[in-house]
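These notes are about the structure you will find just below.
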Amino acid sequence: MAEHLASIFGTEKDRVNCPFYFKIGACRHGDRCSRLHTKPSISPTLLLSNMYQRPDMITPGVDPQGQPLDPSKIQDHFEDFYEDLFEELGKYGEIESLNICDNLADHMVGNVYAQFREEEHAAAALQNLSGRFYAGRPIIVDFSPVTDFREATCRQYEENVCNRGGYCNFMHLKKINKDLRRQLFGRRRRSRSRSRSPPRHRNHDDRPSGGGRGGGGYSDHRHSDRSRRPRSRSPARRSGRSRSPDGKRNRSPVREGSAERRAKIEQWNREKEAKSANATD
C-alpha cells in the first residue's frame, strides 16, 4: 500500500496532493485548491515568487508610459536581471539551473526557480535571502518541490505552437543567449575543476547591495541605509563573446528520479508531522 501511494504521489491519480503544485511549484487555485500543497522541508530548488518584473508587464511590447519597446531592449533588460541574480545566488553554492517564467497568470508571472547542486546550498540561500528586497520589492522565497523541469516546461511553447499564450499552466521559460549561458555556467564548471574545496561564501555584512542597470539592486531592511554600488559587467558580457574554456564541460551527476523524490518528500513530511506531534504532547 505504501509503495502504491508513493508511486502515485503528485500525479493525476493522487486525489490528496495537487499534481500541478508538485510539477511546477505553483497552482492557479492557490489556497482554494481542493488538493494539498505540501511544501518540502528541504529541496535543492528555490522558488522566488513573482520576482522578475518585465518592462512591458502591463501591455506586451509597450512601457508603462505607453511608448513602444524594442524587443532587443526587453531581452537586454532580462539578461541583466538574469546575470545579476545568478551572481547573487552563486555566493551560496553551485547553480545547476536558473529558470525564469514568461507566463502572465498571477501564480506564475515572474517566478524564478533556482536549482542548486546541493540542498545545503539552497538552504543557505533561502536563509540569507529571506527578509531582503530587490528593486524595492520584498523577495518571497521558499523551497520548491520541482526537481525535473522537463515535466514542468510547456513543450508546445518551446516549439512556438502553444495556443494558450502567457496563461498556459505549464512553464514558459525565458531564454538567455548562448554566449551568456556559457559565460555564467562555464565559469562555475571551471572553478569546480580547479579546486574541490567549497566556495568561499561572504558573510551577510560583506555582500554588496548594488544591482543591475535594469532598476534592480538587493537590499536588506536591517541595512537599508547603505549606498548602492553598480554591478560591473565583465568584458566577455559586454562584447557578447563567450569566455568558456575549450572542450566539454564537466557533466553533473545524474539526479534521482521523480519516484524517489516523491518518496523522500513524503517521508520528510511524515517525520515533520511526527516531530510536531511529539512537541505538542
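Placement of Cβ uses the backbone N, Cα and C atoms for every residue, glycine included.
All TrEMBL annotations are machine predictions without curation.
The compositional bias 'Basic and acidic residues' annotation in TrEMBL covers 243-275.
In the domain 'C3H1-type' (12-40), helix, strand and coil residues by DSSP number 9 helix, 2 strand, 18 coil. Annotated domain 'C3H1-type' per TrEMBL: 12-40 (among others), in sequence order.
The annotation domain 'RRM' is assigned in TrEMBL to 44-146. For the domain 'RRM' (44-146), residue counts in helix, strand and coil come to 30 helix, 27 strand, 46 coil, using DSSP.
Same-chain residues lying 6 or more positions outside the domain 'C3H1-type' (148-175) and placing a CB less than 8 Å from one of its CB atoms are 20, 23-25, 28, 78, 97, 99-105, 108-109, 113, 115, 255, 258, 261. The domain 'C3H1-type' annotation in TrEMBL covers 148-175 (among others).
Per TrEMBL, region 'Disordered' is recorded for 181-281.
Tertiary neighbourhood of the zinc finger (12-40): same-chain residues 47, 49, 105, 107-108, 111, 113, 142-146, 151-152, 169-171, 262, 265, 268-269, selected by CB-CB distance under 8 Å and a gap of 6+ residues from either end. Per TrEMBL, the feature zinc finger maps to 12-40 (among others).
Here TrEMBL flags 148-175 (among others) as zinc finger.
Residues in the zinc finger (148-175) partition by DSSP class (helix H, G, I; strand E, B; coil) as 11 helix, 3 strand, 14 coil.
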